[in-house]
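What Swiss-Prot annotates here:
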REGION    1-53  region 'Disordered'
BINDING   73-79, 96-97, Gly123, 178-179, Asp181, 209-210  GTP binding site
BINDING   Thr78, Thr97, Asp120  Mg(2+) binding site
MOTIF     87-102  motif 'Switch 1'
MOTIF     120-137  motif 'Switch 2'
LIPID     Cys254  S-geranylgeranyl cysteine
LIPID     Cys255  S-geranylgeranyl cysteine
Amino acid sequence: MSRKKTPKSKGGSVPAASTLPAAANGPRLAHPRTARPGPEAPPNGPPQSGRPSLGGTGDFYDVAFKVMLVGDSGVGKTCLLVRFKDGAFLAGTFISTVGIDFRNKVLDVDGMKVKLQIWDTAGQERFRSVTHAYYRDAHALLLLYDITNKDSFDNIQAWLTEIQEYAQQDVVLMLLGNKVDSTQERVVKREDGEKLAKEYGLPFMETSAKSGLNVDLAFTAIAKELKQRSTKAPSEPRFRLHDYVKREGRGVSCCRL
């Protein structure tokens with residue numbers, strides 16, 4: 001298999017195939033509409049197949065996918081991304097993301113180099129129109145809430161409705177309860193997150209950008225799911241995202257720092 005080198009220019013994407021489920025016992029979402037047309041991706045946007053590398057980062061890859069982090073402002077999207085990409089924690093004063101930003105990381109998934117181009121979106125309402133344009137070609141979405149902020153959890157349903165309207169029907173979606181290291185400030189029970197995820201048929205885990213708990217697991221699970229969707233041979237056993245998340249995340253202490 002020939003390998004590409006991470007381009008800095010925009011391009012197309014590798015298709016995925018799954019459906020965002022409606023709630024089983026909760027309010028049923030409308031059937032997803034075709035994603036609305038938006039502006040062209042910026043020069044450093046998602047890599048397109050068949051495009052030559054125009055600049056070197058030294059990261060060769062076999063297949064690339066676009067992943068978006070979404071959720072209310074302040075839930076820790078940027079910190080989660082920095083923890084995954086750089087293995088560091090952004091301590092100190094909180095600064096909201098303005099507009100949208102992205103970083104690349106190449107993972108070795110079952111012998112294949114998988115590049116995730118991860119887009120960090122602003123959660124504030126005034127940036128929503130910008131964010132909507134980026135849903136259309138996203139292969140996966142990580143939807144975050146803050147376990148110390150009840151409003152961010154209550155707003156998950158509104159985010160799901162927005163995703164249903166603007167994202168592709170086959171997008172991979174995972175729910176994350178972030179800041180699990182803040183045990184003393186917790187106001188959203190783990191059971192509440194599990195219940196909501198079950199209603200919508202979503203894989204779920206709690207994460208901590210501060211300690212790194214389940215951060216790599218979340219992105220690795222997404223990469224495995226997307227990789228198999230794009231390359232699965234008829235004889236290859238199906239990768240089960242829900243089972244993988246439950247198995248790999250089980251027994252991990254949320255207080256381990």
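Every residue number used here counts from 1 along the chain in the order it is shown.
Backbone N, Cα and C define each Cβ position, glycine as well.
Since we're looking at a predicted model, the values are computed, not measured.
The Cβ of Asp120 has fewer other Cβ atoms within 10 Å than any other of the binding-site residues Asp120, Asp181. Summarised as a single figure, the pLDDT of the motif 'Switch 1' (87-102) averages 69.
DSSP classifies Asn178 (GTP binding site) as strand under the three-state reduction. In the three-state DSSP scheme, Asp120 (Mg(2+) binding site) falls into the strand class.
With respect to their backbone Cα atoms, Ser73 (GTP binding site) and Asp120 (Mg(2+) binding site) stand 11 Å from each other. Taking the Cα atom of each, Thr78 (Mg(2+) binding site) and Asp181 (GTP binding site) are about 16 angstrom apart. Rounded to a whole number, the distance between the Cα atoms of Asp120 (Mg(2+) binding site) and Lys210 (GTP binding site) is 17 Å.
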